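**Q** Attaching a single structure in structure tokens format; questions to follow.
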Amino acid sequence: MQSWPMPTIPSVPGKPAVLSLFDTSDQLIKPVEVDTPEVGVYVCGITPYDSTHLGHAATYLTFDLINRQLIDAGHRVHFVQNITDVDEPLFERALRDGVDWRELGSSQIDLFRSDMENLSVIPPRHYVGAMESIPEVIAMVETMLANGTAYIVESDSYRDIYASITATTQFGYESHYSRELMEQFFAERGGDPERVGKKDSLDALIWRAHRLGEPSWDAPFGAGRPGWHVECSAIATHHLGSHFAIQGGGSDLIFPHHEFSAAHAEATFGESRMAGHYVHTGMIGLDGTKMSKSLGNLVFVSRLTSEGYHPSDIRLGVFAGHYRDDRDWSTDLLTAAQERRQAWITAADNARDVQQVQQTIQKIRHLLANDLNTPAVLAEVDNWANLIPLNDSARTEAGRLMASGLDALLGVKI
């Protein structure tokens, strides 16, 4: 599937910093694995049945920052992202709206691409739909059936295939959730704990046998379509190998989605751990209330840009909080971001001290390298801007250097 255009990323002089991120599994901040020719990064994409909202944007802007820090340090990044373009939420929305689910998915994918391009997000090298990856999913399911880590439910007319939670001895190492919490989230987040014939209520669907009216693909074990978790597992390992540096997404994906997608890969390839880092972003609320489709309080990126808000202001609004924190979005936050960027523009237009700018850029690098400490980064640039005296001449080398640094490291244009 086609991605979106690559933004221009300026080259910035200075010494890059070693990126360290909080790992959900190990529960600590540690250096990212960069000892391979390419740093593999897999980020879970959208299910394309609605526009890109601020919750989506906050996640993808976080991983854009990670990409930018790795690129700044001279690493080649192999960035892969999926699209869950065949799934129940898409079918349900298409049925509600009286449109073909393929047409709905295609239109929302186009809008997502546009939003990411407007936000200057670095595109994935491989932007992959679930429907494109059926052969890889089938191969993974076949392997799991053959090695006994998956089984066919025989209790009714539908021969669905499930992966056992006992497929790996380390299941649960990513989330560290209790059995009770796993059962709660499994039921709330697309699981089917009541399915008759499963060996364990937490066993995850990896192949849904064909039902009348649903899309399906032929497979040696019967026609059907992939389960949610195995799609990401197959796509990630096909493009990045059985072990790679970072798997990421929102904190609502920790369980069951990321726990199971890692477990499926580990059961297939015999790895003890699919990713070196499991990185998760906090949830975004609106004016003190959790942002959700059911509440109808989503803030869409396309709506903000159509109303005239600059994409860099959206980025600054998101970066005002730390990526791992659950945080709030508001009109006041966006207004403050606009005012902040304008102050930076004014400072860049008046800056004359190149050494001062170089020192500030180095501080930005080190703050970002320490688990993407964006609130401290914004405060550091504010401090620099407040020191700049006003004059009436054109932007000079110092201002151009600061503009390049903010563009390269934050994706913010001034």
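A Cβ is built for glycine as well, from the same backbone N, Cα and C atoms used for every other residue.
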**Q** Which single residue out of H75, H78, H257 does Swiss-Prot record at the Zn(2+) site shared with C44, C232?
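**A** Answer per Swiss-Prot: H257.
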**Q** Quick test of your reading of Swiss-Prot: among 10-14, 290-294, 305-309, 325-329, where does it put motif ''KMSKS' region'?
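**A** Range annotated as motif ''KMSKS' region' by Swiss-Prot: 290-294.
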**Q** DSSP on the motif ''HIGH' region' (46-56): how many residues come out helix, how many strand, how many coil?
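**A** Across the motif ''HIGH' region' (46-56), DSSP assigns the residues as follows: 3 helix, 1 strand, 7 coil.
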**Q** Find the shortest Cα-Cα separation between T59 (L-cysteinyl-5'-AMP binding site) and the binding-site residues C44, C232, H257, and name the residue that gives it.
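**A** Nearest listed residue in space: C44.
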**Q** Restricting to the same chain and to sequence separations of six or more, state which residues have a Cβ under 8 Å from that of C44 (Zn(2+) binding site).
**A** Q81, N82, C232, G248, G249, G250, L253, H257, H258
**Q** Kindly assign S251 (L-cysteinyl-5'-AMP binding site) to one of the three DSSP-derived states: helix, strand or coil.
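**A** The residue in question, S251 (L-cysteinyl-5'-AMP binding site), is helix (DSSP, three-state).
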**Q** With DSSP as the yardstick, break the motif ''ERGGDP' region' (188-193) down into helix, strand and coil residue counts.
**A** 1 helix, 0 strand, 5 coil
**Q** Counting each residue once, how many in the motif ''KMSKS' region' (290-294) are helix, strand and coil under DSSP?
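**A** Looking at the motif ''KMSKS' region' (290-294) with DSSP, the answer is 0 helix, 1 strand, 4 coil.
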**Q** May I ask you to report the DSSP-based helix, strand or coil state of W228 (L-cysteinyl-5'-AMP binding site)?
**A** helix
